Amino acid sequence: MQDDQTLKAICYQRGSLSILDQLKLPDESSYIPINSVDDAWKAIHTMSIRGAPAIAVCGVLSLAIELNNSRSKFDSISSVQQFVTAELNYLLTARPTAVNLTDAAKTIIDYLIPLSNKHGNVSSYIDELLVFMEQFLERDLADNRSIGRYGAEAICQNNTNHKKLNVLTHCNTGSLATVGFGTALGVIRQLAVNDALQLVYFTETRPYNQGSRLTAYELLHDRIPHTLICDSMAGFLMQKEPIHAVIVGADRITANGDTANKIGTYQLAILAKHHHIPFYVAAPTTSIDLTKQTGNEIVIEQRPSREMTSIKGINIAAEGVQVWNPAFDITPAHLITGIITEHGVFKPDELEEKLLSLKEVQTMTNLIQEGSKVILYLGYNNLHVIKAKVNEVYQTKFGALKHNDLIGKEFGSKIICTKGYVHALSVIPELWTLALPHRTQILYMADISLILLELDIKPGSIVIEAGTGSGSLSHSIIRSLRPNGHLYTFEFHELRSNLARNEFEEHDLSQFVTVQHRDVLSNGFEHENIADAVFLDLPAPWNAIEHVMKVLKKTGGRLCTFSPCIEQVQRTCQRLHMNNFEEINTVECLRRIHEFRYQHRSKIRFTADQNQEEIIDRKSNKREPDDDDGNEEEETTTNKKLKNDSETTTKRQPQETESTLTAIGPLVMPGHTGYLTFAYIKQE
């Protein structure tokens with residue numbers, strides 16, 4: 001292993017871009033400067049840079065470089081838009097199969113017009129467009145780390161009988177194929193970090209040998225235990241050695257889950273199916289193309305025959321042999337166990353529904369539309385909730401607010417009223433908790449944060465809530481578990497459950513929550529073995545513990561109860577102990593608000609001269625009897641005052657002041673408190 005080994009495929013700073021020349025790896029680590037879109041097109045086409053995510057980022061940043069370095073030639077925003085659109089379309093011709101660059105190009109083109117509405121100046125327009133393009137770099141790295149976490153968790157959950165796993169991968173899907181960490185290789189890295197990896201097998205990946213050249217390079221760099229095999233050895237390996245999962249990347253995934261990836265992936269999927277080995281595809285959602293329903297619609301790139309018949313310019317095949325050299329193949333969805341994304345792991349048959357739901361959440365316009373729920377911020381602890389309607393008027397302490405002035409504005413905008421202004425904010429759990437029109441609970445945001453943390457609620461979690469109440473906690477739970485999780489919330493009061501259901505619909509959250517009017521203390525939860533976590537806000541939570549055990553997954557789960565009285569906590573904990581719950585602990589809910597203010601006071605002097613001067617000044621201000629023998633005429637009171645004032649003016653200097661930021665504790669303590677009790681049970 002060379003000392004100069006690097007896994008940084010892309011080096012970028014404003015005005016400068018270079019890429020690691022992967023054609024020279026593993027023998028040489030050298031970078032190619034990218035000064036234009038033409039340079040990027042050539043690097044992508046010749047595979048000096050490869051991997052769908054890396055190709056997309058390289059293409060976008062090459063455009064940023066050219067746009068920044070030639071900004072003086074643009075005389076209007078429309079000329080910038082025309083240039084950007086044309087260059088992106090040109091980049092798309094470099095390699096046709098991967099969808100990530102297509103997705104990035106569409107995202108940028110869709111941003112051009114809204115951005116022009118914010119900027120009338122060409123220079124500021126270009127500056128913000130550059131910032132937008134540069135975000136693709138950091139976003140890819142963040143997505144890859146999320147893919148690694150979700151993938152490692154899913155694979156370990158699917159192999160509970162093995163402490164350490166053997167996995168097989170194909171091609172190169174690591175840092176060299178992305179901005180960093182990787183997709184399928186990122187999952188393997190995370191398994192190694194979690195001490196859950198025994199050995200990774202990887203194929204050489206003919207004909208371009210991305211496995212033996214690039215994946216080997218990365219595994220050696222990270223000191224991950226590994227074994228290289230020929231592509232044709234995979235079946236015999238599965239027959240002879242325990243392989244617990246196959247993990248591959250993807251260049252394009254269609255709506256039904258069919259996956260285009262490096263040639264040889266399809267045969268690995270067939271072999272895995274035959275040997276009952278889970279087969280996972282790891283890719284960011286930018287690799288998913290919902291415009292294509294099946295793999296039959298994907299254009300498969302054909303590579304030059306010399307890439308198969310020669311290695312580094314040396315022929316390895318008979319001269320004149322006929323060659324068929326597709327770069328990719330299509331793996332049907334029915335062979336795929338799960339598709340690992342930055343938002344969770346999806347089954348192929350649920351991919352389109354989940355992704356559409358996710359895109360709906362992500363692309364929810366930041367503009368206020370007719371029917372949008374808006375929180376008006378009028379000042380500290382003064383929030384009003386309204387629904388935007390055409391031609392409606394809402395009266396505030398700052399005068400009349402016309403709804404027509406709201407519609408079309410961005411959330412967060414300052415809205416002018418007849419006597420002042422307000423801010424129009426979107427509905428988020430924190431603000432909704434403060435603005436609740438039917439407050440029934442005393443859970444504060446700090447308590448809600450603790451609940452979400454202790455219950456380990458994350459995307460994909462299935463959560464049961466008994467006691468919907470105001471829906472405040474429900475909103476926070478939904479934000480944590482979406483896009484592929486679900487909340488089942490139960491409320492004893494029918495009116496309250498109907499109110500909550502309507503609010504979830506108005507806030508576009510219905511797809512993530514099911515509201516039921518039900519007495520769970522008497523009738524249970526209706527479901528069995530589905531929940532990762534349960535929250536109880538009931539008058540007698542101890543009577544629901546048996547129902548909780550039925551609704552939690554067979555592997556177990558977490559529970560939190562909220563009780564206003566310590567006697568309720570005692571009875572609940574007793575029942576939890578009887579039913580073998582572990583890690584039982586209780587936290588008191590008590591909110592204390594501290595205010596910070598600047599206080600101004602005279603500056604303290606510390607030197608002896610300064611203190612002596614202070615004493616003299618104070619003495620001169622005292623009215624003392626006259627020491628004269630009385631022969632002189634006695635001064636009048638007015639004359640004495642004038643004299644003293646004059647002397648004081650000459651002796652005293654203006655006193656300096658200093659400001660101190662001081663914490664002021666709560667003047668009124670809450671008259672009511674509550675208790676959160678947490679527990680965990682492992683049932684199997």
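Glycine is treated like the rest: Cβ placed from N, Cα and C.
Noted in TrEMBL for the protein shown:
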SITE      Cys171  site 'Transition state stabilizer'
ACT_SITE  Asp251  active site, proton donor
REGION    609-668  region 'Disordered'
COMPBIAS  615-625  compositional bias 'Basic and acidic residues'
COMPBIAS  626-636  compositional bias 'Acidic residues'
COMPBIAS  642-655  compositional bias 'Basic and acidic residues'
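Here Cys171 (site 'Transition state stabilizer') comes close to Thr203, Thr205, Gln210, Gly211, Thr215, Val248, Gly249, Asn261, Lys262, Gly264, Thr265: these same-chain residues lie at least six apart in sequence, with C-beta atoms under 8 angstroms from its C-beta. DSSP gives the residue listed as 'active site, proton donor' a coil state; it is part of no helix or strand. Cβ environment of the residue listed as 'active site, proton donor': Ala52, Thr97, Ala98, Val99, Asn100, Ala260, Asn261, Lys262, Ser287, Phe328 lie under 8 Å away, each six or more residues apart in the same chain.
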